[in-house]
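Before any comments, here is the structure.
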Amino acid sequence: MSCALVLLAMSFNGGRRRIQAYQSQKVCRYWREGRCNRNPCPFLHSELPDNNKTASKLPSHSKNALKKNVSAFQATAGNKQNANFSYNQHFSPKYVREPSTHVNSNQPCPAKWIPGKEVGGKSNQHCSRKWVREDDKGRDLITHVNSVRQCSAKQMPCEENPNARVKYSDQLSSHCARANEASKAPQKIQDKCCENWMLGKCTYEDNCRYQHQWSIGDGFSQVIELSGHDKDVSAIVLPLDSDKLFSGSKDGTLCIWDCNTGKCGSVFKMGAEIGCMISEGPWLFVGGPNVIKAMNSQTGADLILSGTFGQIHSLKVGNDMLFAGTQDGTILAWKYSDSIKSFELAASLKGHNLAVVSLFVGAGKMLYSASMDHTIRVWDLETLQCIEVLTEHTDAVTCVIGFDRCLLSCSLDQTIKVWFRTESGSLEAIYTHNVDHGLRLLHGVHDGDGRPVLMCSCNDKTMRLYDLPSFEERGRIFSVEEIQAVDILDRSMFFTGDGTGKIRVWKWSSEQKTEL
């Protein structure tokens, strides 16, 4: 029995030696594909030379794998600042060889990969090889890069420089340093401002991904910030030929600012939140809950127009009448009477089902009203009758204004529509501009060069500026809360008021440098 065991053991050992001998003569196919992670590996990590000492050709799938690795390496080497370098403490080759150049590209390069030792070998080939090791999870364990370069005009053999060796640790440190520097200066997200910066508490400073400025785009800049209200600024008015700026807020206060000094000269408490405000000639009209306050700067008259119509959201003067859009959807028409030195209610225009939030008087004695009921109504100012209803918007219509011979409207359905009157006399939407967010306000201005610009306040707390009629975005203004009020001063300045109670003064420049 013991003899049988001895023979069996001898047979087993002999077979094992034959297997080892077989493995020592076989090239690792995973090494050829560049993804062997065995250390040590029982198979060869080099090609078997033939009698002429030429390299055996790789299979097609190995060539494809090498081409992928070459492309990946070249992409990384071409943009080192974007390269991500991972370091595995369990595997760290001590040295890596600089590329060597040789003349004959048809002969093999006997460079071998030996963990913890130097890499490379001498050859008369015309080749350049780099061996790169990343981690032990089979992800690009070895990247083999072949590039043919001419050593000299005479194609003489180029002896390998034995001093052309760089420590792997030094190379890794250099790469990591460059990567860290790149990470310290990230690409800015151009269309978003840092909310923490706006609140004065961003700790990233120059390393923040978001903008640290109140606007982007050229052609305008912020001049000053005015603080005086505790709640939303709902209206801003600069009367014609006046150096006084009026601002109304939902905190129930009316502030009067000196345009020369930027100081608040007077504050009036209206008793309730201010929903809207306009100026017409010497008159200043302020709308609130169930009341309209009319003040004349020339005569000093202070009139109150009251009723039970709810909050006044919009005011407009046309055809010698004052129109007021109310919470219940009614449009009230007031006419001034010289006999009683006050305004009398002339008519009530009914048709909307929800609040009327915007009014515009256009050419041809037409009144346009925008409502939360998703519609725009067209009224004849002579008869005070509704002659047309526009229903193309799918959400609340928040503003309507005029531009040239067109009508512009915006809505919470994230669209701006351009309307044009056809030969039949009806209005048709000839263009729809889509925006990523709902729109709350439109205001038409002219820049410092006299070009028409459309300002659009969105519910993402930004105001976007578009060139007309192209609708190309030329700038953006950021705010902590939504911008709810805008007014202009000729072609030199404009004003914005937001939900924080602040008013920002902006100045147009005479030349626009770049476009977004």
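The chain as shown is numbered from 1 upward.
Glycine too: its Cβ is placed from the backbone N, Cα and C atoms.
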- line: Here TrEMBL annotates zinc finger, and of 188-215, 216-243, 412-439, 440-467 the range meant is 188-215
- line: For TrEMBL, the entry zinc finger belongs, out of 22-48, 157-183, 481-507, to 22-48
Task: Please indicate, using numbers and ranges, the residues of the same chain that are 6 or more beyond the repeat 'WD' (349-389) and have a C-beta under 8 Å from a C-beta there.
output: 311, 313-319, 321, 323, 325-333, 395-402, 405, 407, 409, 411, 426-427
Statement: Confidence over the zinc finger (188-215), expressed as mean pLDDT on the 0 to 100 scale, is 69
